[in-house]
Amino acid sequence: MRVGIGYDVHKLVADRKLIIGGVHIPYEKGLLGHSDADVLLHAIKDAILGAAALGDIGKHFPDTDERYKGANSLELLKEVSNLIKSKGYKIHNLDATIIAQKPKMASHIEQMRANIAAAINVDMDSVNVKATTTEGLGFVGVGEGIAANAIASIIKA
């Protein structure tokens, strides 16, 4: 078994959709980024790539490449899953945490889990997503951004 960790953060700004875990979350702001800025899926992709010692999303999907402008992170997650399969691995388990003061994530968690499980072709019981706040502290606490971290375990297929 191999394990990787991932972390991502994006700034909250006006005039952007808030997409987390492939779910559009109604909110007054969205995350700024080259792609859809799905902070959760970015952390998960980095964790999977790290577990396979295949670098990070910046290497595979650089923000200098116009092909990835506005890209759907669920589609890129499928690409990462296919890449590790081509290297002889399969995803065993994912655990991720969204760190956001607002909006509340609880009502969206199950759909996020379903989206992730479908994208990487695993059962939902292999995917855990949870959310927490920073109790008003730091850039997340004052509503300037949202962060996520993830851990992935992979095994030989």
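Note: Cβ is positioned from N, Cα and C throughout, glycine not excepted.
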Check your understanding: Among His34, His42, His60, which residue does Swiss-Prot name as a further divalent metal cation binder in the site formed by Asp8, His10?
Key -> His42
Review point. Since the record lists Asp8, Asp65 as binding-site residues, which of them has the fewest other Cβ atoms within 10 Å of its Cβ?
Key: Asp65
Check your understanding: Would you say which of the binding-site residues Phe61, Phe139 has the most Cβ atoms within 10 Å of its own Cβ?
Key -> Phe61
Point to revise | Cβ neighbours of Ser35 (4-CDP-2-C-methyl-D-erythritol 2-phosphate binding site) where a neighbour is any other Cβ within 10 Å | key: 21
Practice item. Specify the count of other C-beta atoms within 10 Å of the C-beta of Pro103 (4-CDP-2-C-methyl-D-erythritol 2-phosphate binding site). Key: 17
